[in-house]
Every structure is written in structure tokens, then in C-alpha cells.
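Input: one structure, supplied below.
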Amino acid sequence: MFGCKNGAGSKIMLISSPFGFLQMGAMGGDDLIDWEKMQGVGNGTEEKILVLVRLRPLNEKEIAQNDVADWECINSTTILYRNSLQERSGLPTAYSFDRVFRGDCKTREVYDEEIKDIALSVVGGINSTIFAYGQTSSGKTYTMNGITEYTVADIYEYMKMHDERVFALKFSAMEIYNEVVRDLLSSDNNQLRLLDDPEKGMIIEKLTEETLRDWNHLKELLSICEGWDIFLLDMRSPIPPLAQRQIGETSLNEKSSRSHQILRLTIESSAREFIGKSNSTTLAASVNFVDLAGSERASQAQSVGQRLKEGCHINRSLLTLGTVIRKLSKGRHGHVNYRDSKLTRILQPALGGNARTAIICTLNPSRSHVEQSRNTLLFASCAKEVSTNAKVNVVMSDKALVKHLQKEVARLESELKAPGSTCDHGPLLRKKDMHIEKLEKEMRELKKQRDLAHSRIDDLLRAIESEKSSVKANSIQSVNGVVKRNGSLDLLRSQSSQVSYSSDDASDPSQITEEPLLATAEDFDEVSTDIRCIEVDDSAKDGTCTSSRHSTSESEESTPLSSEPQLSPVSSAPLSGTDNIYSHVALEQNIQGSLFNPHSDETSPSASTSTTASGGLLLTRSRSCRANMITSPLDMGSDEQNESTPPTMLEKDFTGRPEGAFQRKQWKLPPVIYGTNSARLTGNDSQSTDYSSFIDETKNEDGDEDIPTLGSFVAGLREMAKLQFENQTADQVQLKDATDGNNTRDVALDPMNDWAIKFEMLQKSIIELWQSCNVSLIHRTYFILLIKEDMTDSIYVEVEHRRLSFLKETFSRGNFAIQDGRTLTLASSKKALRREREMLSKRMSKVFTEGERNRIYEEWGIDINSKRRRLRLVQLLWRDTEDLNHIRKSGEVVAKLIGFSVHGQGMKEMLGLSFMPPQRMMSRRSLRWITS
Ligand SMILES: Nc1ncnc2c1ncn2[C@@H]1O[C@H](COP(=O)(O)OP(=O)(O)OP(=O)(O)O)[C@@H](O)[C@H]1O
């Protein structure tokens, strides 16, 4: 679609229409155009370029030179090369085209039989192009002159026959000489520019467009262009003649065209009766007559100087034309290099665009030019494969256009609404609807995932915020000289506080106080990002304090550190205060680790302390923490691997890492809940550092049920506790050194009493948490049977508690946890637990004899005759979280159902579950997990 101005100056729109010649038919009724032949043309369907070959007779010169004609048209479509020598060369001898014309054929014949239809399409609003291609002196100009004349004559004839329409003819002429475009109707010799117009496409700037008065006017202009009547013009008028086409003499052609000439006739027509009315439409199209310069061999044309230069330009542009045609002949795939020459740029619409095109390939029949003739035929062969896509160009006034579009919309709407519509789009629409539905579903799913991730981030941010405010509050309390009970080492450690003890302080126990945090907002931010990494500051070695220290007088509030019962390396108040935050964030880091950084090797949530050279204890934020966090995933795994891994820049800087305190280990979790459809794993190596090894559901001997193995339970538990153990050991050693060094402080801990109270609390809480988090009954059973009264198990109890607390909190927020890289929700855990109960119920008859079963049913108050007694039993297991006896009995039933029994402490040692928390090394007093 492009805009232009009509004669009246009102704005018009030129659009391509699919009306085709159906509309033209109504205009017709004459015998000038074969409308029947043109049915379907211009309706947007592709049409191949019409390719004709025209032989010329040998000219006098050639005859005089005893040249012979080797080419012969054997029928109307085939031309044959008759030469015995050539036949043996293996090159083709016969070429077929739409039409071939013998040497004695008249141009009129060529026009009438083939060209006329295409050329006269222009009166029906279809662009057309006729061009002649061939070697120099083969008859291009001879042919095109005739074709142009006949076409124009017919156009005028057509106009005469159709006085119901008003026609407007415009003429322009240009040549491309040595790659310069010149206006042949202009007296100045200026070079014309080719411009790309967004609406009209390529336009030739300032090209003269003469509105034709009549046929004679056109003849006059044509003769000017061709320079035919140059002498006549000179004689008629003293005015210098207009520009003429470049013609020069070569040895092959006296009047050789040294340029490509394009004559353009534009015709607009409107129905007379509608002129000036709002619904008037105009057909507008152009016919181009293109007389190409001839390809030539410099040797044959004996070109030198100016002629040679012209010949080079001619050949180069013809080469580009050939390349474009060859490319188009293979289909319109990829880039077509129209812009490589002015010729192809101007002819672009004719070469595969909105135009009907005919190419007349002229041939010199003489033997001496056989090679050139073959090249021409090769070009012709490619050209016949090229398609164009001509459309009727209808110019409409704005009003007519709106009206037409409204009509079109109404037509399409009624077509869609009609039940018996010929074009049934139903199945297609349904398919599309289904596709849309599918995409919408996917979108919803993705949104859900995104929201979940957002809420996780929000939760973490909230946790960090609350942690910050806790730190702040604690700092304020300390500054005010009020150190609360929860301002213990644990708290300080968990909040990355700086606590320093100088040797001077050590001399006076009353001076050993918690260092208040004189933290800036910046520090708090760091606290959030450097999650609880505390290391020894080298500067402390010389006994200096790295943080400001406020000595406070001994008071009830400012209890000395050494006397704090919270000095236990594990938190003393598991469910409250900042310690709880510590637990949650630490666990969260581990549980959610895979969500944010599955390869993160930042594992230790706890602080590390170290004695200074002078016995002072200094806790600072770790500089290596970030380095750890940004360590490459490849930098994980065994300690040996870590040693061989080059340190990061940050690590290189850091030299003060205490040995053992920050060994990189993953704090892995055993599968608390077996509801994540984890993949079955082949390995069952409890030492494995692969997180997935903790989920190890294996088939039992019956091969029909999934029972989490003891191995997987133990491995996870042990790995997790080991890390905790190591960290705590480091803490304890440092703390002990600190207090020993002081020698004045009595670390009067009574861990046994402490643990006794704590154990009871934790035990109760864990049982409740198991229930509310839908933890596997088998896990619970393993836990209570293996981790029981021995105090050395306290580490397991505490870790279990922290983990469950975090899980419960996660579920209560409607969030998910990650276990084995899979999401775990409250619903999925519930489902898994139900499946486990079903599985256990099925094992009743396999494991117990009838007598045993009946005894159990009776014991559990179940009617032995009830149909669903087995299911009823497993549903009752682990239900009563208040009754420890019920818990013990439940554990016994489950243990029997899965074929598990524990034989004392020996088994634990065998399983590698024996860890002794550092502060209790000296004591082995036991507490009971379950009262029996
Ligand atoms: N079909 C024909 N019948 C008789 N004479 C012809 C025919 N075709 C060409 N000629 C004559 O051959 C000569 C060369 O023709 P023409 O100038 O048309 O060749 P051309 O291909 O245009 O050459 P160039 O590329 O050099 O311009 C002219 O004298 C012309 O009259």
C-alpha cells in the first residue's frame, strides 16, 4: 500500500486488491484484451515470469564473414543448437521456453502472441514489465521499440473504446549508464538518487513524469529518449535537445545501446460516472519497457577506452541481474541481493514482486557467438523459474476506503456467523482454543512457582529483618549496661557480635563482660549477609582489642559469661528468643540450600572462637565467609579436594582461619518425611557426601513396599550431627581456654541438670512436631529406638528439634521446603504419611501371626472382627502425642512391622552414631527418652 496524489490533488490510497480481472471483466466487452485468458490473474496468486526467445536473422556483415546460423527453432517452444562439434561436447543442445520465435518472425507477432496480455494488464490496474535481454547486437532495441509502440497503440485504442472511464497517462524515462541513473526527459545531466519510501517503496528522486496529451506526444517523447529524431529536433528548434540514451558504435553494433533504458507508462483510470463522488475508485498501474544494454566480450566488441569502461559496467550489472534471477529461481529463501546494482533495485518489483513480467531473450544465431547465446539461454532458463505476485492496484478515496473496509468486515462477520459457512473454521478454532488453554495453564503454573519463590524470599527477608532488630535491641541493651540472660555467647555468636577479651580483662574476672555491640547500620547489613561467620582476628594476637569495650560493673544483670548456663554449645532455649532465630536460619540455610544454591558449601551456621596468643578470646566476623559463599561448585566435597583447590581472592587474603573450626562440610539432613517421591537410588553408602543418599527407599524382601532403610536414616543423622559436633567442640575448646586462662572465673556448669530439664522439653516438643509435620512413622520409630536416653545423643535431639521447628514454621506459612531437591508441602507430607500407614497395614498379616495380631488389636481397643481392623490399628499409631507410653508402644509395633530391632548401645556404635557433645565429655549419665 502506498500513497500518492491524484490529478485532483485529493489524498488517495493505493492498495492492492484481490478483485483481479473479475472486476475488469465488467469493464470489458472489447476484443482488445483476452479477458478469458487473464482470469485469475492479479488476484494475488503467483505467476511465473513469461520467458520468450527471439532469434534474429544473420545480418549482412555476418553473412559476408561466412558466419553460419547454428540455432534453429524446431517448434514454438524449443530452440536447438545444430552443430556436430558442439553435440560431442556434452552441453545441452535443446532449450525449451514459453515460446521461441524464428529469425523471420515479426515483432508484431511476438507482441500479439505473447507480450500483449502482459503489457496491457496495466489498463486493469496491474503493473507489468517487459524487458529484453541478450548479447550486444542481438536485437533487443529492435524488439523493444516495436513492443513499446504496439503496447502504447493498444493502450490508446483501449482508451478510445472505453469512454465510460476517464484515463490519465504519465510517462517517464530513465537510463542507467555506468551505474548512474539519468532522467531521459530532463535537459540537465544530473544523477538521480534512488530512495526508499516507507509507503511507496523504492522511488527515483526528481524523475520527470510527463502527463501525456495524446499518442503523438508520447511518440515525440519516445523519439527524444532514443535519440532517433535528434537531428529532426535540432532542425525544428534552436533549444538544445533533451538527454538521449547513450548510444555508441562498437564493432558489433553501429548503434549499440551503452546503457539500460527503462521507459515507464503509468495509467490511472476511473469510472466516469463516479468521478468526484465519495465512492469513486481508481485503478493505477505502470508498464515498464526495459531495454537492457547488451552483454559483450571486450575482445569481440573490440572495446577500448570509453567503450571498454561502459562494457565493464554493463557486464557487472547484468551479472547482478543474473545472480538475482538465479537466486529467485531457487525460491524466495534468504537474502536476494537486489541492492547490488541500480538495475536490480529498480527492477525489483518486476523480479518477484507486484508485477506481471515477460522477458524476451534475443539471440544472435551466428556460430561465432555461440558462447554468448548459451549464456543468454542459461539466464532464460533460470528466469522461467521465477514467480511474481501481481495484484490489482486500486486507488480509493478515504471515504471509499472506509466504506469498502466496512463492507469487508461485515462480509467476514456474516461468514463467520453463518452456521453452514462454506469455510468451516471450527476445528481450527477449537485447536487454537486448546492451545491457548494449555498456554494459560502453563502460565498459571509458572506464576504459582514464581509466587512461591517470592514468598520464600519475603520470608527470608523478614527473618533477616527480625534478626537485625534483635541484634539492634541487644546492642542497645548492652550499651545501657543491661545484659540479659539471652545475651549469652550463643546469642552473640548467632548474631555475629564481636566479643573480645583482652589479657588485661582476664586478670579481673569482674571485667569479663559481654562487649556491647556498637554497631552501625552498615554492620547490621553485613550481619545479614555474612551469616554468622566469626573468626579469630589476627590483630588480637598482639593482645589488642578490635572492638570498643565497655567495662561494666558487676551486677545482677551483667552476669559473667563463665557463669551463664547458656554457655552450652547448643542453645538452651530452643523455641524462643534469638537462639531460635539462629536455629531457624541455620536450618533454613541447609534445608533451603538447594533452592538458592544447591552447591553452596557454606555449611556452618555457628560461630567459631579462638584464643589469642595471650589467652584472650576474640570473636569477629569472618572475612572468609563471603569467599566461602562464592566458592565454585567444583570446590566442594572432601577436604582433600578443598586443599587442592586454589583459593579465591578473598581466601588468599585471609590467613587467620583456625584449623578445624571452619572445615567445609555440608550439613545434610536425613529425610524427615518420605513424601517427596524421591528417585530410587542405587547407592546406600552412609558415608557418601551426596545429599541424595539420605533418601534411600529400598524395597523390602517382599519387593512390594517402600521402607526407608535404617542406613539412610543413620547416614543423614550422623552427617548432620557430626558437623554440629565439630563446631561445638571448637567452640567449647575455645571457651574453656578462655575461662581457664582467666583462672578466676568458675565455669560452674551443671550440664546434667541443664540437659535433664531441656531433654524433657525437647522430647515433648519433637513428638508433637512429628505429628504436626506428618513425619514418617518409620523415621519416628528409628529415632526413638536409636536416639534415646543417652545424653551423648543430645546433639541429635537438638538438631531434630530445630529442623522440625523450621519445617513446621515453613508449613504454617503455606510455604514449601526442599528435600532432596524436591518440594515438600504440608499436603504432600500428609499424603505420604497416609501411604505409609497403608503400607504398614498391609504388612500386618505378613509380620504377625493371627494370635499376635489379635492380641495387638485387643491391646489397642480394636474389635478383632471389624473389617478394617488393620487400617484402624495403623491409624492409631503415633496419634497420642501426650502419652509417652503410647509413643513407645507405637514405635514397637512399627519396628516389628518393618523388621527392626536395636540391641543396645553396641548397635549405635556400629552405626557410627556415637557422638559426645564437648561439654558433656566427662559425663555419661543417661536420661530416658521414653518412660516405660
Ligand atoms: N529480428 C530482427 N530482424 C531484422 N533485423 C534485426 C532483428 N533484430 C535485430 N536486428 C538488427 O540488428 C541490429 C542490432 O540490433 P539491436 O540494436 O536491436 O541490438 P541490441 O541487442 O539492442 O544491441 P546493443 O545491446 O548493442 O544495443 C540492428 O541493425 C537491427 O536492425
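Glycine residues also receive a Cβ, built from the backbone N, Cα and C atoms like all the rest.
Where the annotation comes from TrEMBL, it is an automatic prediction and has not been curated.
As annotated in TrEMBL:
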DOMAIN    48-386  domain 'Kinesin motor'
BINDING   Gly134, Gln135, Thr136, Ser137, Ser138, Gly139, Lys140, Thr141  ATP binding site
COILED    395-463  coiled coil
REGION    540-576  region 'Disordered'
COMPBIAS  565-576  compositional bias 'Polar residues'
REGION    595-618  region 'Disordered'
COMPBIAS  603-618  compositional bias 'Low complexity'
REGION    630-662  region 'Disordered'
Tell me which binding-site residues (Gln135, Thr136, Ser137, Ser138, Lys140, Thr141) have a Cβ under 6 A from ligand 1; sequence order is fine.
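Among the binding-site residues listed, those whose Cβ sits under 6 Å from ligand 1 are Thr136, Ser137, Ser138, Lys140, Thr141.
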My understanding is the cutoff is Cβ-Cβ under 8 Å with a sequence separation of 6 or more in the same chain; which residues meet that for Ser138 (ATP binding site)?
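When sequence neighbours closer than 6 are ignored, Ser138 (ATP binding site) has Arg56, Gly294, Thr362, Leu363, Asn364, Thr376 within Cβ distance under 8 Å.
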Please give me the CB contact count at 10 A for Gly139 (ATP binding site), counting all chains in the structure.
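Looking across every protein chain shown, the total is 22.
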Relative to the Cβ position of Gln135 (ATP binding site), how many further Cβ atoms are located within 10 Å?
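Result for Gln135 (ATP binding site): 26 neighbouring Cβ atoms inside 10 Å.
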Per DSSP, Thr141 (ATP binding site) is which: helix, strand or coil?
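In three-state terms, Thr141 (ATP binding site) counts as helix.
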Considering every residue in the coiled coil (395-463), what is the mean pLDDT value?
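A mean pLDDT of 81 is what the model gives the coiled coil (395-463).
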Counting Cβ atoms within 10 Å across all protein chains shown, which of the binding-site residues Thr136, Ser137, Thr141 comes out on top?
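Per the Cβ count, the most surrounded site is Ser137.
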Give the sequence-ordered list of residues that share a chain with Lys140 (ATP binding site), lie 6 or more positions from it, and have CB atoms under 8 Å from its CB.
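Residues satisfying the criterion: Ala132, Tyr133, Gly134, Ser257, Asp291, Leu292, Gly294, Ile360, Thr362.
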